[in-house]
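**Q** Starting off with a structure, shown below.
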Amino acid sequence: MDFYREEDYGLYALTILAQYHNIAVNPEELKHKFDLEGKGLDLTAWLLAAKSLELKAKQVKKAIDRLAFIALPALVWREDGKHFILTKIDNEAKKYLIFDLETHNPRILEQAEFESLYQGKLILVASRASIVGKLAKFDFTWFIPAVIKYRKIFIETLIVSIFLQIFALITPLFFQVVMDKVLVHRGFSTLNVITVALAIVVLFEIVLNGLRTYIFAHSTSRIDVELGARLFRHLLALPISYFENRRVGDTVARVRELDQIRNFLTGQALTSVLDLMFSFIFFAVMWYYSPKLTLVILGSLPFYMGWSIFISPILRRRLDEKFARGADNQSFLVESVTAINTIKALAVTPQMTNTWDKQLASYVSAGFRVTTLATIGQQGVQFIQKVVMVITLWLGAHLVISGDLSIGQLIAFNMLSGQVIAPVIRLAQLWQDFQQVGISVTRLGDVLNSPTESYQGKLALPEIKGDITFRNIRFRYKPDAPVILNDVNLSIQQGEVIGIVGRSGSGKSTLTKLIQRFYIPENGQVLIDGHDLALADPNWLRRQVGVVLQDNVLLNRSIRDNIALADPGMPMEKIVHAAKLAGAHEFISELREGYNTIVGEQGAGLSGGQRQRIAIARALVNNPKILIFDEATSALDYESEHIIMRNMHQICKGRTVIIIAHRLSTVKNADRIIVMEKGQIVEQGKHKELLADPNGLYHYLHQLQSE
């Protein structure tokens, strides 16, 4: 459906917003159901239509200065029907990125122009999935269900901690008795009894402490395994656009933040929190000994807290800077190792080394600033501790001299105060770890809170036959990016061999990405056997589509495992048959290990042509009903290409084949050749038919290659 009429702008906007939330839309069906008079959707009809798509839509009135706090994109509703979509706001520059429904293109508006168009009415739109996602986002609250799940283990840890605190409470009392009773009365028999009892208490304390550490480490390890498994599953479920918009090093750096969370969970910080919980009991006993000395200890706590509150924001900023520098280093390292052949071929090692040295210096400098600040924080805590110790000693001595406190009671009080202050000091000293794990949770949340490809509610349709239809396709990779495909209409019949040619950047490969459902078009539908791919389960679809790219990646496994990657239990006969069709069987047979040869990382142990033939065999082995060759033979030598072309009739038999190529000789025998230019189909026909038009783009490209 084409949205050129002004009264259809509301329906067009709903289509775009629904597709933004990965919800398939049939515009004709919505128009038939909700636009009964053919005059466009009014506000009530628009909200009902949104509700029918399971979108949560709500009309609000907002002043311009409050727009920075709303969730975007949102529809700006105008009474004259000239609605537009607000996608982004730059508060500092006072600029607004909108999607113009009239021109089908993004526009950047200055403040004055936006004010002239904005009438104060907005429709906020969210999907149920996004609302659930926000409620279930990954942050510190994610660990609460995990704690509840393992509550039995944590209760056991709590019970052990209670006994440890009881022993910690008994030990000072033993010392008090020894100082005040045994030494004064020279009670050797009492001393022996107390010594044996103290030894038993110490032994139990050591055993229980070790048991608590073991139980706690065991439970946190389980949580760590769950988090790691969830992270990897989520990472693989992310859409292809997530990886295309981020550097590999950034993603790797975020995944490595799991190590920081693991160290925090298995460290002493959380057990210190348990110890701190029992401080109230110790305070009660200390108050019984001496209210004055207890007030000194209590008075020190705000200083510990104040110092931590003061240092935390600065530490967090420096940790952010350290992470950013580390991510830059990770990205540069991955890029350098991946492009090592290019670096050596161009002899640019000195330039790369110089860049690395600068980035490494920035990272080390950022790390040094973090360490320096952390040291200052720890020394501040130690200073407060020493001051409190001096005051306690001075005041305690006065109380002993005045007869208000015995020497044994003073020693016992100091031991009890140590039990209270020790976890406080440990927590204060571990504040850097807490700040670091907070950064790690945020960084990891960038991965875990990113929406995955939507599978829920998607249809797993029957085995596909191979009919493909592009209907009024308009597509761009980002809302503010140029249009890649514009008004593309194309029907491909089952079993047809289609060649697609055109200049670089004309949108050839983008068509195949839409077939694989890596993206959903901004407007229009991609249909396979009449089924809208926006409604289809991506995994169901991709299992039935074979794809061979210009640069294919092999995994560090055997040739057999690479060919049978989608079905490891596949019979050897099928693997060999696919390899023969791809022209790979002969060179594989000549290898010492044959099909069991390990190809190395990314297939480094093979030549480019050999890697490509294995990739073709991998695409053929599952007998896909749709086969896509995206410049698949451009990296082959002439002999290998000749083998592939010789087998092409057998390869294409019983399936729909799409061949994207710059070399026109590759597609000249196709049933139909599609010629693309600037995102549109400008010509189509057989090889001879297209050559017959001297003014056509195909004829022009053929002439260039003939020369």
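Placed from the backbone N, Cα and C atoms, the Cβ positions cover glycine too.
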**Q** Under Swiss-Prot, the annotation transmembrane segment belongs to which of these stretches: 1-21, 295-315?
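**A** Comparing 1-21, 295-315 with Swiss-Prot, transmembrane segment matches 295-315.
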**Q** Looking at 261-281, 387-407, which one is transmembrane segment according to Swiss-Prot?
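**A** Spelled out, Swiss-Prot records transmembrane segment over residues 387-407, not the other listed ranges.
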**Q** Give the residue counts of the domain 'Peptidase C39' (1-125) per reduced DSSP state, in the order helix, strand, coil.
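**A** The domain 'Peptidase C39' (1-125) comes out at 46 helix, 34 strand, 45 coil.
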**Q** Go through the chain and flag residues at least 6 beyond the ends of the transmembrane segment (387-407) whose CB is under 8 A from any CB in it; none is fine as an answer.
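**A** Long-range Cβ neighbours of the transmembrane segment (387-407): 176, 179-180, 289-290, 292-293, 296-297, 300, 413-414, 417, 421.
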